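> According to Swiss-Prot, the protein has these features:
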- 22-42: transmembrane segment (TRANSMEM)
- 87-107: transmembrane segment (TRANSMEM)
- 141-161: transmembrane segment (TRANSMEM)
- 163-183: transmembrane segment (TRANSMEM)
- 198-218: transmembrane segment (TRANSMEM)
- 242-262: transmembrane segment (TRANSMEM)
- 287-307: transmembrane segment (TRANSMEM)
- 310-330: transmembrane segment (TRANSMEM)
- 336-356: transmembrane segment (TRANSMEM)
- 363-383: transmembrane segment (TRANSMEM)
- 442-461: transmembrane segment (TRANSMEM)
- 483-503: transmembrane segment (TRANSMEM)
């Protein structure tokens, strides 16, 4: 106790901050702030390289910090606002690894001058200012600090131990993504439409979260997860105040992970956003949202499991069915992958509904496998191009296996992983979640999941047949040669997908060792 505190017993004590436990997030947010300063003070010609080195270096340093923290005791830090436990470290490490892959795609500018991002975000589509910016060779580098802020929010979201911290994290990860979604160079109006839709629906989602937070506080007199759980055990669990509050918070979380019926933004945003940003959102945001969902429902509202489990069952079934059936009708490869991500969210929810330790670890493993196959798949989408940008219509992919066997083969590998076929990580990911769901008493969900997997396998295999079993068009698309950074991102996805398909046990053991969540 300081002399001032001893002399003033009514003084507010200074908070004790465990900087070692917070170091990974501090590094990421520090790099994001440094990136803003780079935009202000570094000459334009040097910004791209500076931002790339700064961002990649920061992500690697943060990942090293996460690994170094694995030996620390599990405890609540930052005045109990953040849980420094096994799931936090596992999810943060996954987010950082996926962010490195996504940032490699964002930084790669080898396919034409700024083929993915508009030269100046403020330029109107088709305007003279936009043409002048392109002719001047201007490069959009604000994406780096924006992406780093989003990564920081993704890391904080599943680590939050109270609803206010979770809401702050939700906004920190969401606001940069609203901007990044509108920065596509090609199809500018579609990109800006995607950004507006994402922003408006995201604002409604945030409003639901805040309203639910207020109701939960009115019931529990606290926003800390542990205090909420204690209040549930000490009073009437069926109180309408807590039920409505939980429902509103659940809606906000299901929106972020594209659960039905809160999924309608996903195809439009995935299609309109720059493809590297789509990969970043599809992988990183879903991992962070599921991590937050696990902590909120298992730690804070575990006492209401009998109330929310039937709802999760219904959402999981609807999510798998909608993602599988509507995916069949898609002719745009990015929209197809969007519905694929919706179906995958349903598969993860089957294990989540089991509410067992095995379900927690299986969800963590699935998120790792899904994230890397998604990054790799969108990286391949960037390479298949027409004169006006990416060739996203499936008719343009006909015969791709004969034009570029390597690119088509790698894309086929990622599709097989999404279908859950050997020898890929997708097989063991689905085995893990379906086994956990069955053992947890969610057998009907497993049946629906297997049937939905068969339907999704159809549209994955349909693309493979298009690429390898049909003759290419005379004037087909070109396949760009990826630069070193994009090649590294693709290689990362391939390596993780294949290695986890052959030797999944080390990561399964790591996920099992990470759980349970600190309560």
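Quick reminder: no glycine exception, Cβ is built from N, Cα and C everywhere.
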> If contact means at least 3 Cβ pairs within less than 8 Å, sequence distance 6 or more, would you call the transmembrane segment (483-503) and the transmembrane segment (87-107) in contact?
yes
> Tell me whether the transmembrane segment (141-161) sits in contact with the transmembrane segment (198-218), defined here as at least 3 Cβ pairs under 8 Å among residues 6 or more apart in sequence.
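The answer is no, given that the two segments have fewer than 3 Cβ pairs within the 8 Å cut-off.
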> Count, for each of 22-42, 87-107, 242-262, 336-356, 442-461, the Cβ pairs lying under 8 Å from the transmembrane segment (363-383), and report the range with the highest count.
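Maximum Cβ contact count belongs to 87-107.
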> Among the recorded stretches 22-42, 87-107, 163-183, 336-356, 442-461, which has the greatest number of Cβ pairs closer than 8 Å to the transmembrane segment (242-262)?
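Against the transmembrane segment (242-262), the leading stretch is 336-356.
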> Of the stretches 87-107, 163-183, 310-330, 336-356, which racks up the most C-beta pairs under 8 Å with the transmembrane segment (442-461)?
310-330
